[in-house]
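Student: Below, the features straight out of TrEMBL:
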TRANSMEM  13-33  transmembrane segment
TRANSMEM  93-112  transmembrane segment
TRANSMEM  132-159  transmembrane segment
TRANSMEM  180-207  transmembrane segment
TRANSMEM  322-343  transmembrane segment
TRANSMEM  363-382  transmembrane segment
TRANSMEM  402-423  transmembrane segment
TRANSMEM  457-485  transmembrane segment
TRANSMEM  541-563  transmembrane segment
TRANSMEM  569-587  transmembrane segment
TRANSMEM  646-679  transmembrane segment
Amino acid sequence: MGEAILSDLLTEVLIPVAAAVGIGFALLQWVLVSKVKLTPERPAQGANKNGYSDYLIEEEEGLNDHNVVVKCAEIQNAISEGATSFLFTEYQYVGIFMIAFAVLIFLFLGSVEGFSTKSHPCTYDKSKTCKPALANAIFSTVSFLLGAITSLVSGFLGMKIATYANARTTLEARKGVGKAFITAFRSGAVMGFLLAANGLLVLYIAINLLKIYYGEDWEGLFESITGYGLGGSSMALFGRVGGGIYTKAADVGADLVGKVERNIPEDDPRNPAVIADNVGDNVGDIAGMGSDLFGSYAESSCAALVVASISSFGINHDFTGMCYPLLISSLGIIVCLITTLFATDFFEIKAVKEIEPALKKQLIISTALMTIAIAIVSWIALPSKFTIYNFGTQKSVKNWELFFCVAVGLWAGLIIGFVTEYFTSNAYSPVQDVADSCRTGAATNVIFGLALGYKSVIIPIFAIAVSIYVSFSLAAMYGIAVAALGMLSTIATGLAIDAYGPISDNAGGIAEMAGMSHRIRERTDALDAAGNTTAAIGKGFAIGSAALVSLALFGAFVSRAGIATVNVLSPKVFIGLIVGAMLPYWFSAMTMKSVGSAALKMVEEVRRQFNTIPGLMEGSAKPDYATCVKISTDASIKEMIPPGALVMLTPLIVGTLFGVETLSGVLAGALVSGVQIAISASNTGGAWDNAKKYIEAGASEHARTLGPKGSDPHKAAVIGDTIGDPLKDTSGPSLNILIKLMAVESLVFAPFFAAHGGLLFKI
């Protein structure tokens, strides 16, 4: 078989050191962002590259500099307080669920062998004895709580840095677009590196602590650790759905009354929903996205570890081989660190047109460097030949084959990213065609947007299909799990780019509310437009990785549940398949209706304030922002529970009543239909948003014929954008959690379903 070059001791040092470097780098970026002061003192003379001591390129015409800074600080505090208040409220409800579900895990898994404390024959090797099922129940529960808490902390930290950086980005825009870009991107990097490093470190510590009890029983150890992925994803579901409903209720309410009815600009301080809208960007796109990608990372790692534990790595107790997935993530942090310097230190942005290419270069550079890193880690951490568990048999695999599995996932992610960008950026013809369709009203805009979304599914699905075929052919289900990890290996850069979008969006809102000049707003709009496209790319990554993660978890579930083959022609499987394919539609209906009903209340409140507060439209009276924040908070907390319950209860009900075969059909059906709907929904919404921005910016002759703001084509574009809001920010991104969460939950509960499931068929 051959030995790995990298020793176990070096592996044990390398992983925590990489995580510590990631955390250290995140803190350094935070310190650099904090140098932008939110106080009105004029800085000392003398300039440096990052512009902390630069004078302003322009002075605000007719405005006192002191007032602008004070206003920005006040608005930032309002947004930060709103976001913190919402997350604390949400976490109280989620905390109750977390404890209840932890008890459920313990009871279900503990009852597999009647809460016995005796050792039992191992599932995959009956000649060996494994730790009792009760231990699996206890440690799966602990892992679940650990994953859930890490997910919540990741989302909360991301939200805090975003609300810390938004006004700073606005103030830096007065020095030039390059300075504002660096501040926004550095802030995004804080979140990206904290999340990637925390996820890796907590998982690594958990494995080492559980190893003390489990000793030689690696099968039980890594089966218990799957609870970590379940905890991460279940919190991500509530974060995504709750945050998505919050942000879109406010956004739709603000747009429909403010832009369409009252013909006032976006983020106008007279609009009562404007603070709630800016809060929503942070709780939905920052906290929700952070928890979502953390969940993907945790699940793909757990899926790979479970399969590896019953392969030669686990059988021979090869610790370095077992930690191959964690080593990929460790090198990913280092690669992303180098990549980030290209955006913030090696090159400087001087013009608006350089923003989007700079963000795209981040993806290309990180992917290229990561390919080299994967080749190195595959060569030094893996034996030249080993075996991988493949549905009852051991498949012989070479180390270079595993390199191809990870690399194909990595490059498939880049392809999905660029296809998403082509279909959602207003620099290309698809979005320009959607904008052009606004000439004849909102109906044609909606038709073109839906067609674009459906068409945008084609290439990403082929990319996912190729990566599945290649990785499965080379290394069975383990290959698919590490392909998913490959796609997520540059998660720190991906999240930095993704978080950059809402930070820039908030910066534009603050510039408008603080009454800054038109030139400042143009710069923040340019940052925001690029961020919109990169947010769509981030969602593409999340959905693509979710498909691979879900399939890897599905394979691990099928193996653990003892199903030899999943026969689609079997009635038990087929009914599961057709019901599973329906679930994403049911889930989307629930989340979209939730946004609609919450937006309805918001529209009524905004209209009421405009009609009843004297002087509000003239700007002589202040709107009641707090009531709008409360409407969004109450609606999202109330409305996130039914979709969450649908996803969490489906595997439990199907597995218990109908058994593992029907559940395998449900998982396959949900995966196949969920990925398609998620991609089309996200891209349709992104295209409508950027078609509106294309008309508003009026950067080309074609765009100017459709504008200006307030024209009939612009109003049609706003309606399309409003319809797309729940698609791209609530339903679409939440669907990738649905397919992952059901798969990881099924894997965690697989011992119970295999022993006691299918009650209806036993009657």
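Positions of Cβ are set from backbone N, Cα and C atoms, glycine also.
Any idea what these are sitting next to in the structure?
Tutor: The list of residues near the transmembrane segment (13-33) in space but at least 6 beyond its ends in sequence, with Cβ under 8 angstroms from a Cβ of it, reads 6, 50, 161, 164-165, 168, 183, 186-187, 189-194, 196-198, 200-201, 204-205, 323, 326-327, 329-331, 333-334, 337, 340, 492.
Distant neighbours of the transmembrane segment (363-382): 4-6, 11, 320-321, 323-324, 327-328, 331-332, 334-336, 338-339, 342, 399-400, 402-403, 406-407, 410-411, 413-414, 417-418, 486, 489-490, 493-494, 497, 537; these residues of the same chain sit at least 6 beyond its ends, with a Cβ under 8 Å from one of its Cβ atoms.
Note on the transmembrane segment (457-485): residues 296-297, 300-301, 303-304, 307-308, 311, 324-325, 328-329, 388-391, 395, 397, 401-402, 404-406, 408-409, 412, 415-416, 419-420, 540, 543-545, 547-549, 551-552, 555-556, 559, 675-676, 679-680, 683 of its chain, located 6 or more positions outside it, place their CB under 8 angstroms from a CB of the stretch.
Through the fold, the transmembrane segment (541-563) approaches residues 123, 223, 226, 229, 289, 292-293, 296, 299-300, 302-304, 306-307, 310, 389, 391-392, 409, 412-413, 416-417, 460, 463-464, 467-468, 476-477, 480-481, 483-484, 487-488, 494, 660-661, 663-664, 667-668, 671, 675, 678-679, 682, 732-733, 735-737, 739-740, 742-744, 746-747, 750-751, 753-754 of its own chain, all at least 6 residues removed from its boundaries and within a Cβ separation under 8 Å.
Residues 643, 646-647, 650, 654, 658-659, 661-674, 677-678, 731, 734-735, 738-739, 742, 761 of the same chain lie 6+ residues outside the transmembrane segment (569-587) yet bring a C-beta within less than 8 angstroms of a C-beta in it.
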Student: In terms of Cβ proximity under 8 Å, which residues at least six beyond the ends of the transmembrane segment (322-343) contact it?
Tutor: 6, 11, 14-15, 18-19, 21-22, 25, 29, 182, 185, 189, 192-193, 196-197, 199-200, 203-204, 218, 222, 297, 300-301, 304-305, 308-309, 313-314, 358-359, 361-362, 365-366, 369-370, 373-374, 376-378, 381-382, 402, 406, 481-482, 485-486, 488-493, 496
Student: So what's near the transmembrane segment (180-207) in sequence-distant terms, Cβ-Cβ under 8 Å and 6+ beyond its ends?
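Tutor: Hits for the transmembrane segment (180-207): 15-16, 18-23, 25-27, 29-30, 32-33, 36, 50-51, 143, 146, 150, 153-154, 157-158, 161-162, 164-165, 168-170, 172-173, 221-222, 225, 228, 232, 286, 290, 293-294, 297-298, 301, 305, 326, 329-330, 332-333, 336-337, 340, 343-344, 349, 355, 358, 491-500, 503-504, 507, 523-524, 527, 531.
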Student: For the transmembrane segment (93-112), give me same-chain residues lying six or more residues beyond its boundaries with a C-beta closer than 8 angstroms to one of its C-beta atoms, as numbers and ranges.
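Tutor: Those are 133-134, 136-138, 140-141, 144-145, 148, 152, 227, 230-231, 234-235, 238, 637, 641, 644, 648, 652, 748-749, 751-752, 755-756, in sequence order.
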Student: Let me spell it out: take the transmembrane segment (646-679), skip the flanking residues so only those 6+ beyond its ends count, and list any with a Cβ under 8 Å from a Cβ in it.
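Tutor: Beyond its ends, the transmembrane segment (646-679) has Cβ neighbours at 101, 104, 108, 234, 237, 453, 456-457, 460-461, 464, 540, 543, 546-547, 550-551, 554, 557-558, 561-563, 566, 568, 570, 572-588, 590, 731-733, 735-739, 741-743, 745-746, 749-750, 752-754, 756-761.
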Student: May I ask for the residues of the chain that lie six or more residues beyond the transmembrane segment (132-159) and have a Cβ under 8 Å from a Cβ within it?
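Tutor: For the transmembrane segment (132-159), the nonlocal Cβ contacts are 83-84, 87, 91, 94, 98, 101-103, 105-110, 112-113, 115-120, 191, 194-195, 198-199, 202, 206, 210, 213-214, 220, 223-236, 239, 282-283, 286-291, 294-295, 298, 495, 499, 748, 751.
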